[in-house]
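Student: Just lifted these from Swiss-Prot, have a look:
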DOMAIN    27-250  domain 'ThyX'
BINDING   Thr73, Arg96, His97, Arg98, Glu104, Asn205, Leu206, His207, His211  FAD binding site
BINDING   Gln93, Trp94, Ile95, Arg96, Glu104, Tyr105, Ser106, Ala107, Arg108, Arg189, Arg216  dUMP binding site
MOTIF     96-106  motif 'ThyX motif'
ACT_SITE  Arg216  active site, involved in ionization of N3 of dUMP, leading to its activation
Amino acid sequence: MHNTTKRVTVPALEAMLYETIKVLDHGFIRVIDYMGDDSSIVQAARVSYGKGTKQLNQDKGLINYLLRHYHTTPFEMCDIKFHIKLPIFIARQWIRHRTASVNEYSARYSILGNEFYLPDPANIASQSVVNKQCRAGDSVPKKVSEKVLAILEEDARRCYRHYKELMNADEDGNILDENVSGIARELARINLTLNYYTEWYWKINLHNLLHFLRLRTDPKAQYEIRVYAEKILDIVKAWVPFTYEAFEEYRLQGANISRKGLEVIKRMIKGEKVIHETSGMNKREWEELVKIFR
């Protein structure tokens, strides 16, 4: 059967459909479907039909303008749907981005597989003393990381063993002991550790996806969600290359500067030597401003 379509397609993204992109030790990302491309954004912005007579460089310039000036609705005309397998503790962080449609694997209806995440020793670090929500930059000593991994694996395996015991069923749903009555799956699951994997379908428009990527590809984002975001960023690059370039230029590699920060820069341009004490900024704001220009 010969399939044809009148909708816009992107050859680079078509080649990615249903392909498994590995993430972490057992996770993955798969592109399931998408709608629109760079031309869809331009079309919506111009409120016209078809690609029209505009040159590609004009389309690119318009996309740059739209992103630079924080226009949102043209980017909402593009959608993409992913199938993602990820650790539960990352899923709970991910779902904070509420502007998406999500359908997750049900551990009330089905039995979770015996797959759990263990971090690479290089990514095991102590708590940061500067940022209360993330780890420090340096890895812990080898002896410490080995102990951490042993504890995580031991706890995960023990909890999964008890999970099966509580249900009186194995991973495939087979009864373990005919003389024992197991409890409901919705109750048995509460004993599992957060490093077990879940799966979901996640559909989101391009505007909200770019917001997700801006936050989750940031170096301060947790490593385990950042690696997913980086893979999705590569997908966006293949899907909407003009938008990706504008996003990189104005969001990822650009910087927001406060009113006080601008005043400091103006004073410096005029030749004045400005230090933290004379800047009118608090210590953290000053450090962030200095970091931009390093």
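From the backbone N, Cα and C atoms, a Cβ is placed for every residue, glycine too.
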Student: The motif 'ThyX motif' (96-106): which same-chain residues, six or more beyond its ends, come within Cβ distance under 8 Å?
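Tutor: For the motif 'ThyX motif' (96-106), the sequence-distant neighbours (Cβ-Cβ under 8 Å, at least 6 residues beyond its ends) are 112, 198-205, 208, 211-212.
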Student: Quick one: what's DSSP say for Glu104 (FAD binding site), helix, strand or coil?
Tutor: strand
Student: Could you check the binding-site residues His97, Arg108 and say which one's CB has the most other CB atoms within 10 Å?
Tutor: His97
Student: Please report the Cα separation of Glu104 (FAD binding site) and Gln93 (dUMP binding site) in Å, rounded to an integer.
Tutor: 14
Student: When you rank Thr73, Leu206, His211 by Cα distance to Gln93 (dUMP binding site), which of the binding-site residues ends up on top as the closest?
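Tutor: Nearest by Cα distance to Gln93 (dUMP binding site): His211.
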Student: What is the nearest of the binding-site residues Thr73, His97, His211 to Ser106 (dUMP binding site), using the Cα of each?
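Tutor: Of all the candidates listed, His97 is nearest in space.
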Student: How many Å lie between the Cα of Ile95 (dUMP binding site) and the Cα of Thr73 (FAD binding site)?
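Tutor: Cα-Cα, rounded: 22 Å.
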Student: Do you know which of the binding-site residues Thr73, Gln93, Ser106 has the most other C-beta atoms within 10 angstroms of its C-beta?
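Tutor: When each Cβ's neighbours within 10 Å are tallied, Gln93 leads.
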Student: Mean pLDDT for the motif 'ThyX motif' (96-106), as a whole number?
Tutor: 95
